[in-house]
Every structure is written in C-alpha cells, then in structure tokens.
Amino acid sequence: HSSNDFCYLPAVRGRCRGYFPRYFFSSETGKCERFIYGGCGGNRNNFESAQECGSTCYPRE
C-alpha cells in the first residue's frame, strides 16, 4: 500500500453547511472530480484544485 491510501476514501461533504468547491480522487473513474465540501469534517481526499489532487493521487507509472 502507498502512503496515499486516503485517495481511495469516498468524498465526504462533512457536517457543516458551507459551499466550498473541492476535488477528490474517484477510485471508480481513476480521475479527480469536483464535489462540494461543507467546510468541516470529511477526510483527506479533499483538495483545493484538480492539479493538487492529481499530483497527490494519480498512480505513478
């Protein structure tokens, strides 16, 4: 297992009601996808940009 196992966690909005567009790595599609983050809670599969998500979670060949 890699140190980036959190990339395979589901996207979690969290319990707050904010509206923060974020990105998560989807293990189903193998791509970084947009979701809405509530502002608190959640997990580490939560990135401010698709680029940050990709550089962290895309499998290295």
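Cβ coordinates are placed from backbone N, Cα and C, and glycine is handled just like the others.
Since we're looking at a predicted model, the values are computed, not measured.
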Query raised in the report: Which candidate, Cys16, Cys57, does Swiss-Prot give as the disulfide partner of Cys40?
Result: Cys16
Query raised in the report: Are there any residues in the same chain, six or more apart in sequence, whose C-beta is under 8 angstroms from the C-beta of Cys16 (disulfide bond), and if so which?
Result: Gly38, Gly39, Cys40, Gly41
Requested in this report: Could you state the whole-number distance in Å separating the C-alpha atoms of Cys53 (disulfide bond) and Cys7 (disulfide bond)?
Outcome: 9
Report task. Give, as a single whole number between 0 and 100, the mean pLDDT over the domain 'BPTI/Kunitz inhibitor' (7-57). Result -> 97
Report summary line: The correct DSSP tally for the domain 'BPTI/Kunitz inhibitor' (7-57) reads 10 helix, 15 strand, 26 coil
